[in-house]
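Engineer: Below, the features straight out of TrEMBL:
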- 1-26: signal peptide (SIGNAL)
- 133-153: transmembrane segment (TRANSMEM)
- 267-287: transmembrane segment (TRANSMEM)
- 318-335: transmembrane segment (TRANSMEM)
- 347-366: transmembrane segment (TRANSMEM)
- 437-458: transmembrane segment (TRANSMEM)
- 492-515: transmembrane segment (TRANSMEM)
- 527-548: transmembrane segment (TRANSMEM)
- 554-573: transmembrane segment (TRANSMEM)
Amino acid sequence: MRSPHRLLIPLVLSLFCAAASSPAAASSHADAPASQEADGALQETVDAVENAAGEATDAVQNAAGAVSDVVEDSVSQDSGEDWQTTVDKKMTAVNTVIEGIFFFPIPIPGTTGVSPTAIPFTNGEKTFSQQTIPFAVLWLVLGAIFFTVRMGFVQLRLVGHAIAVTRGKWDDPDLAEEGEVSHFEALSAALSATVGLGNIAGVAIAISLGGPGATLWMILAGFLGMASKFTECSLGQMYRQTRSDGSVMGGAMYYLSHGLKEQGMGGLGKVLAVMFAILCIGGSLAGGNSFQVNQSLGAIGETVSFFGENADGVRENGWIYGAIMTVAVGAVILGGLRRIADVASKIVPLMCGIYVAACLFVILSNVGHVGPAFQTIIDGAFNPDAALGGIVGVLIVGFQRAAFSNEAGVGSAAIAHSAAKTEYPVREGIVALLEPLIDTIIVCTMTALVIVITDAYVRVDEAGELTQFANFIDSKNGAALTSQAFGTTLSWFPYVLSIAVALFAFSTMISWSYYGERCFAWLFGDGLGLLYKALFLTFTFLGSVITAKAVLNFGDLMILGMAIPNVLGVILLSGKVKAQLDEYVAKKKSGEMKQTPGA
């Protein structure tokens with residue numbers, strides 16, 4: 001059997017070349033006719049894609065069929081082994097197969113040494129003869145670069161307009177726009193799924209792995225990711241479906257299946273849509289649910305002894321926290337998108353406000369160190385310690401953590417934004433590009449400044465002694481490291497952080513429940529919505545009692561894996577978005593579109 005990743009590489013290269021060389025390659029049949037030469041190039045690409053997709057599908061099926069063999073060979077339950085250890089071992093075997101398909105390491109020519117960017121999922125640190133980057137992360141970054149160029153740096157041209165649209169300044173009060181939520185509510189729902197533990201723990205992990213310089217590359221990845229969010233969320237609007245009751249259904253599974261069918265690639269589109277939906281459901285139950293409960297419980301247990309560990313390292317009362325979260329989440333998600341958006345629009349500004357205010361307090365309390373902190377970040381980005389893997393190693397750390405944080409290119413946000421009320425699909429895409437700006441460029445940068453200013457990333461001081469942060473750096477406990485950094489200035493902040501983490505986790509869970517439910521309904525029909533919600537709430541409770549790390553990490557693999565089918569489809573459909581963007585900008589400049597009077 002050919003290795004799946006050997007089939008993906010030529011497919012990726014052919015798609016980027018074809019999309020870049022033929023502007024009409026991703027346009028719909030309603031666009032202006034392309035030249036015969038472009039049509040020929042497109043047809044060759046289509047044939048190559050479908051052939052490669054067929055081979056890849058066979059390879060994935062063979063790999064999936066081998067999972068049970070891998071598990072059986074690698075796991076043998078000891079009679080004295082507890083059930084969580086057994087589950088952990090079995091899931092580790094499954095995760096290994098998934099890593100081999102989506103997260104295999106891509107060696108970077110000209111680099112040597114131990115990669116600080118090894119995938120921290122199932123097998124701990126991995127040593128390679130060259131610096132490496134996981135394929136899924138590289139795929140996200142290359143896609144973001146492509147969309148940035150393809151859309152003419154839309155994140156620079158229209159960021160001001162995006163803020164105005166979000167504030168309602170371009171809404172037409174006389175137009176009955178289809179949709180269920182406002183621009184702001186859609187943005188809040190999508191942000192609630194991304195602004196969270198990645199901003200608190202992810203930044204600290206990035207700096208502990210790659211030094212302060214990783215911050216600059218996180219910012220760059222966030223900037224590029226703004227174009228990815230714009231493109232995928234515009235497509236979510238273009239291919240959404242409105243039901244007879246007024247409810248709106250949309251997301252990557254719709255534009256992958258229907259959009260690619262318009263391009264004569266219906267078979268490929270269906271395969272990609274099904275793959276996306278399955279990965280999204282898995283990600284929603286684990287990474288967007290159980291993982292959030294588990295991590296927030298750990299943070300709260302540090303300050304609230306009732307939820308802390310006993311002498312044996314067991315959280316005896318963890319199930320109570322799980323029950324509370326289950327009831328709270330259930331009360332929201334059973335009310336549907338309308339209630340989810342309403343709650344998110346209140347929680348997101350509150351939690352972001354609290355966290356940003358705390359960051360500003362620490363920064364302003366050490367205002368004299370802000371300049372040197374920025375200098376340290378810049379120097380670390382271009383002149384890093386060789387032990388960190390050089391410039392390439394630090395760059396990869398920053399890109400990888402940014403991908404975990406803002407989910408640009410993953411396709412999840414398109415589900416939330418497809419339900420927004422708007423006359424122009426690309427207008428909602430313009431609103432969506434604010435997410436990486438807020439999530440990565442603003443919130444993550446503030447976290448990084450706090451960590452650098454307080455020297456929380458320093459493991460050994462000038463005298464060679466371990467600092468108070470050493471244990472957290474060694475254990476890669478990002479949330480605790482960030483908490484300690486704030487604690488150097490605000491002794492009471494760990495208590496505030498516990499509340500913030502719980503709010504972050506709660507908001508992430510309610511948004512991911514909607515993502516998973518939409519994919520579940522697309523696969524199995526609307527009538528099974530309550531079944532999915534019951535399953536989701538079951539996983540909410542399990543997150544408070546499960547300690548098997550492989551089970552929790554499975555969700556992260558699923559979420560980033562969603563980028564493989566999504567970015568592939570968005571590249572092929574990007575021509576249609578580009579055409580509508582140009583038309584929108586032309587109407588705006590000509591005065592055909594006007595701002596809301598008095599807004």
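Using N, Cα and C of the backbone, Cβ positions are placed for all residues, glycine too.
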Engineer: Is the transmembrane segment (527-548) in contact with the transmembrane segment (318-335), using at least 3 Cβ pairs under 8 Å (sequence separation of 6 or more) as the test?
Structural biologist: yes
Engineer: Output the single range from 133-153, 267-287, 492-515, 527-548, 554-573 maximising the number of Cβ pairs under 8 Å to the transmembrane segment (347-366).
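Structural biologist: Between the stretches 133-153, 267-287, 492-515, 527-548, 554-573, 492-515 has the largest tally.
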Engineer: In the same chain, who gets a Cβ under 8 Å from the transmembrane segment (554-573) while lying at least 6 residues past its ends?
Structural biologist: 8, 15-16, 19, 25-26, 49, 91, 94-95, 98-99, 101-103, 121, 136-137, 139-140, 143, 146-147, 228, 231-232, 235, 252, 255-256, 259-260, 263, 265, 269, 271-273, 275-276, 279-280, 282-283, 285-291, 403-404, 407, 409-412
Engineer: Using a Cβ cut-off under 8 Å, which residues of the same chain at least 6 positions beyond either end of the transmembrane segment (527-548) come close to it?
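Structural biologist: For the transmembrane segment (527-548), the nonlocal Cβ contacts are 84-85, 87-88, 91, 281, 284-286, 289-294, 297, 315, 318-319, 321-323, 325-326, 329-330, 333-334, 509, 513, 516-517, 520-521.
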Engineer: What else in the chain is close to the transmembrane segment (267-287), if you only count residues 6 or more beyond its ends and a Cβ gap under 8 Å?
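Structural biologist: Here the qualifying positions are 49-50, 53, 57, 252-254, 256-261, 411-412, 512-513, 515-517, 519-520, 522-523, 532, 535-536, 539, 551-552, 554-556, 558-559, 561-562, 564-566, 568-569.
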